[in-house]
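The domain 'Obg' feature in Swiss-Prot is assigned to 1-158. Annotated domain 'OBG-type G' per Swiss-Prot: 159-344, in sequence order. Taken from Swiss-Prot, the feature GTP binding site covers 165-172, 190-194, 212-215, 280-283, 325-327. The Mg(2+) binding site annotation in Swiss-Prot covers Ser172, Thr192.
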Amino acid sequence: MFVDNVKFHTKAGKGGAGCVSFRREKFILFGGPDGGDGGDGGNVYFKADKNSHTLSKYKGKKLLKAENGAGGEGRKKFGKKGADLVLIVPPGTSIYDDKTGELLFDLKEDGEKVLALKGGKGGLGNVHFKSPVNQRPEYAQPGLSGEEKDIRLELKLIADVGLVGFPNVGKSTLISTISNAKPEIANYEFTTLTPKLGMVEVDEFSGFVMADIPGIIEGASEGRGLGIKFLKHIERTKILLFMIDMSNYRTLKEQFNALKEESTKFSKNLANKLYAIALTKADTVENTDKMLTEFCDEFGFGSRQIPNEKGEFDKTKPVFVMQISSAANKNIKELKFALLEILKAQN
């Protein structure tokens, strides 16, 4: 099951207690103090691992805690440090303080590891409290409590290209055609129920990651449909690919305006993101060239942007508008190269 939002309480380990002990050896009846210190409590870490893809392992968990430190022992022996707790999460996981809403960490890279909570210090043994006026102290410190927090984890998948479109527009077909992703494909709405990532190989040395989310419907930004729940997963992408159905009963203009409106309402980040447009199912209708030209003319788009001298594109307009057909393999190769070219220009 795909889980992208979980809450739990986490606690670092408590420090072990210091030891009250006195030296006991043959012929030494009243030896001095030799109580050792307690071990420190274990820390809590979060670590991003590319082999982790969901937060499902933490669903339903109430408390996750590191190990407590062991108590000190006689003969000045230190207690063992408590084992650290390392919580593995997928890259793209944001870690929040659930009480304050503060963003604590944002793990984007594989292998990234952060210290979230420190374990408590171990208590001092009675060997530390010997003094001229107290040669046999019968006191040792208790260990200190470890830090604790209510934590919320939120996963936003990391991909280069994010697909945005209405249900049944052909997103799943496209990602299965040009990548290694194998989503369910059928002729009904909401075939895609969870986000999917696919690696697109353009040539022997180049490629990029594409993300498919459930279809957007009008009113998605207010919570209608499935798409709103997963729009956050394309916030990290470098470019959005708006997919518009050429065979739909609604005009290309109406579909595009609705998609832009929903993504803009959802977040400013999506509204200001670089985007391109793919006109899908071009094999199922006639006069596709005319439809493409009329669509671009209505908005004042060119079919392809040329970046400025700094390599920047105008984000208020699509980088390109291209008609495609996954079923007929029309312009699929051209689409891959066009997307790769844009991604390279962003680096």
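Cβ atoms are placed via backbone N, Cα and C, with glycine included.
Classification of Lys281 (GTP binding site) by DSSP places it in coil, neither helical nor stranded.
Taken residue by residue with DSSP, Ser325 (GTP binding site) is part of a strand. In the three-state DSSP scheme, Gly165 (GTP binding site) falls into the strand class. Fewest Cβ neighbours within 10 Å among the binding-site residues Asn168, Ser172, Ser325: this applies to Asn168. For Gly165 (GTP binding site), the Cβ neighbour count at a 10 Å cut-off comes to 23, with all displayed protein chains included. Each of the binding-site residues Lys171, Lys281 was ranked by the number of other C-beta atoms within 10 Å, and first place falls to Lys171.
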